[in-house]
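To start, the structure itself, in structure tokens.
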């Protein structure tokens, strides 16, 4: 049975945008508690051990629920949803469009250099999506970082207004440099690993193939996409994780007064100062604080993102 790349018509930009946005929304709703745990660990300066504010995933989960309520696990969910939807819309639509342009302009070059082009297209799409959606990320981080007994903001709209009025537009983009430094290779690696596994591994295994009514193979199954997405998430997240820690610490600069009950606070002047202080005061492994919940989230989010996106895309094409 042969693999037929174009057995189905290709989706339009609007269709891929819709599928990407929907995948982002579904994924965010499920994975938000892991994001809250990850950010709380990343912002903790004390070692992650017994006696610290948060010492393990289970302890942190119980502590947050006991002190601040279950709803805290979905803190910042509105800006997080706006972040995921806008990011998903742009990332997938731009990636698919760039891939289509590469394939049409020089089919032989595309086939010979497919992995490098997937990396470049994924990195480009993620860079654009990140710049556009970044203010939502900053607001989400602030809402998650604040203690519910010492709230700085009444909600998403109030947070946006207060940050803009008191700190200026630049505050909404704090941490964007380390973010762009991590997101381009992260997305590039993610798409390369995902595409390699689906195109070169799962599409060749009968039980993981997606077939048309005529028996033609037009892609990988939802299970294959889920597994490939999860593996891609682990590889990509592990590679760029230190930049994520630094980004989160930069995003709360000027906000430390609302985190007094979380222990020591870091005051840094920029990217390199933050990296230097983190390593000097906490050790190199501090750059991997929160890695546990983060990698769990990466597996879940990446797996769901790719699987849900592909299912919605195929559903739309059947209409």
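From the backbone N, Cα and C atoms, a Cβ is placed for every residue, glycine too.
In TrEMBL, annotation is done automatically, which means it is predicted and not curated.
What TrEMBL records for 11-101, 113-200, 220-315 is repeat 'Solcar'.
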For the repeat 'Solcar' (220-315), the mean pLDDT of the predicted model: 86
For the repeat 'Solcar' (113-200), the number of residues DSSP places in helix, strand and coil: 77 helix, 0 strand, 11 coil
Structural state census, the repeat 'Solcar' (220-315) (DSSP three-state): 79 helix, 1 strand, 16 coil
